[in-house]
Amino acid sequence: MKNILIKRLLQLLMMVWSVGSITFVLSRMLPGDMAYRIAAGRYGDDAVSAAAANAVRQELGLNDPVWLQYLHWLGELLQCNLGTSLVSGNPITAELQHQLGYTLLLAAAAMFLSAVIAIPLGLICGFRANSWLDRGGLLLSTLLRSQPVFCLGLLLILLFALKLSWFPVAGFNALAHLFLPALTLGLSLAALSNRVIRNSTLRVSRSDYYLFAKIKGLSDWQTFKRHGIRNIALPVVAFMGIQLVGLIEGVIMVESLFAWPGIGHALSHAVFSRDIPMLQGTALTCGVLFVSINTLVDGCCYLLDPRSNRTC
Amino acid sequence: MVTYGCTQPPAADRLTISGPFEPISLDLAKAGYIFSRLQIVETLVDIDNQGQLQAGLATAWDSNPDASVWRFHLRTDVSFHNGSPLDANAVVTSLRIALNKPAPFDQQIIANVKAVDAHTVEFQLHSSYRPFAAILTNYTTAILAPASFGSNDRIVSLIGTGPYQLTEFDPPHMVSVSRFDGYYGAKAYIPYVDYITGHRSESRALMVQGGSADIVYNLDPASVQLLQQTANVKVNTTPIPRTILIKLNLADPLLDSVKVRQALSLALDRQGIAEGIMHQPGVEANQLFGPAMGIWHVNSLPPPRLNLDRARALMAEAGWQPDSTGILQKQGKRFTLSMVTYANRPELIVIATAIQAQWARLGVALDVQMENASAIPLGHVEGSLQTALMARNFANIPDPLTVLLADFSSPAGGDWGPMHWQDPAFFAQLKQTTQATGAAYQQDVQQLSRHLAQSLPMIPVLYYVQQSAVADRVHGFSFDPYERSFRITDMVLQP
């Protein structure tokens, strides 16, 4: 466990430097004039002009040599300062707290709903493999997974918001607003994870040690509790960890559809308007999050199966 | 959560508005348009539906005979949201800071702003500028209390004079306001208002349909069709002073001939674009300024019609003949153009590809490039732009004379205006118009508009209409064609 943490800490430091530097270089390689892009992001399409762009260029020192700008960024980073947005002028930490905070809330809710749906379904399908329920589950999972998440969201809005009036269509200032975007993502995730759980359950339930536990006289529940849960959970935890990472960076369509604030939308705007501190701050924070999630997943896997220490 | 979420009726004292606008900052230069629409901040001069100037925080204004010194007389009964009185010093402080930031007008025309007495502010200009008062309608010149500004003149809290005051700001997704009881004018009926950023038109349409929003703005044609069949929602359609135009680089040898520009204009099937893409028959543009622009719109100009035969004849007169592939060529040079447009207005890319197909029938090969909006002013400055499809807002400053003076008064043109247009007769006439008044002014204005429609330094395509949807419980809704105010004070919520 200690080895895992030390390894991950070193990875984290390398990641912070490399992600920040790569973002810095890539954002400067993008076509177009930075000052004009920033001016458009700040003042809007109707007010972007040569005069506005020149004012931005002067204010932000965009004519300074690139290496000087890089060193300036690195110096700030060493002081744990992510800077301020070139577009809004707000501190990056405040922007991230707002935007990433909502994304994390949505991702956590989606993972919870996904687990609530996928775990029982996957277990039942696994224990009753090839039954009509299993085949139905496969069909439903395929249907849900083949839907773009945007379409799934629209269907849920039509059903739960417009037809049944159970939940609001969109927004973010009440708990009720969280349900539909979380369910959209949760269903999409569960469509895949329930099959992983099903396969893992099938593998475990047909294993020799599982059969032996039953033969030696344990009840179904005792067998499941002592020999099933941990063995089934191992690949599932790893898979859901990957899903969570994918969620954080990939929820932009759901955020847009449900008018939910989030990092996906903020990141796309930062790219369009060349808001480099915002890009770097977001990339860094996402990187830190990914490493942390991976570490957490590895830790969970270790606790579930301490034998994995030998491979660490 | 289901229990919590189940059919909560909209609050009787709270109006929810949703639009695509993303307020990113308290800075008026960046997001003043939304604070003005939410009636938090006010300008010295206001506008009516016809674009005529009317009293705002200033009750009256006058200038010296050559319009280089202007005095604005302030209302005496105005308090800011923090209780401090509006006086000339506060106005001067606010404007001095505002005029140092980018704005959609040339701040360089102003030499000095000073307080003459407690309720009179004087502007000294570098030269005569008759439409000056119109500039002070722009949201960037809205007046904030001195306590709004922190170090380096940064706006740290938004303390305006409007009938609503800011209560919560969650950039870029939400602005909440509450009624300001100390407002000098008619009190608002609705106590609380929330503005929520709705990124997608489809989402906004569903929000008003499902009761999550009371008013939604900037709807796409498909959503409008859906909402027109919805029982508890009304759709509002209002023409606004914004025109889709093709900007042309007239220094390019392909585009310097009036005949060629007329041919390109005649080859446009505006009716097809209006009906097929925008679902708005009747918005075809035959001139720069639409019907919403009052005296600047020339009613007598013929409606724009597709006339491919005439277009081909004009091209032939200009020496262009089709080659074996159907592309026009002259002295071995093929007629190929590039057109820049931008993604923030999704209809533009669709219209650009329609123009590509329509001009192909004339023998013009058009390459469409989707860019950021800033590519247009950048291409103008660099001289690299050939053509651009854009949606020009003529409401930023409501007097088109300011637009013409900024963009159409010299061959250099403007970032969003013509490019390398040489027309000394027009420049002289424009100069003459700045001195005219009354009937002579109206006559001059019509001549200017007619001249632009004939010589086509920019090719007009369509006029914009604003499509909004309003829930039935909202009474008193109207749309401000100059998009300065949501006009919440006129509205009442009734179950």
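Every residue gets a Cβ built from N, Cα and C, even glycine.
What TrEMBL says about this protein:
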- A:100-297: domain 'ABC transmembrane type-1' (DOMAIN)
- A:12-30: transmembrane segment (TRANSMEM)
- A:104-127: transmembrane segment (TRANSMEM)
- A:148-169: transmembrane segment (TRANSMEM)
- A:175-197: transmembrane segment (TRANSMEM)
- A:232-258: transmembrane segment (TRANSMEM)
- A:278-304: transmembrane segment (TRANSMEM)
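At the 8 Å Cβ cutoff, the transmembrane segment (A:148-169) and the transmembrane segment (A:232-258) share at least 3 close pairs (sequence separation 6 or more) and count as touching.
The listed stretches are A:12-30, A:104-127, A:232-258, A:278-304; of these, A:104-127 has the most Cβ pairs under 8 Å to the transmembrane segment (A:175-197). With a cut-off of 8 Å between Cβ atoms, the residues of this chain six or more beyond the transmembrane segment (A:104-127) that come close are 133-134, 137-138, 178-179, 181-187, 189-190, 193-202, 204-205, 232, 236, 240, 243-244, 247-248, 251, 254-255, 260, 262.
For the transmembrane segment (A:278-304), same-chain residues at least 6 beyond its ends with a Cβ under 8 Å from one of its own Cβ atoms are 1, 4-5, 8, 11-12, 15-16, 19-20, 23-24, 27, 73, 82-83, 85-87, 92-93, 95-96, 100, 230, 233-234, 237-238, 241, 244-245, 248-249, 263, 266-267, 270-271, 312.
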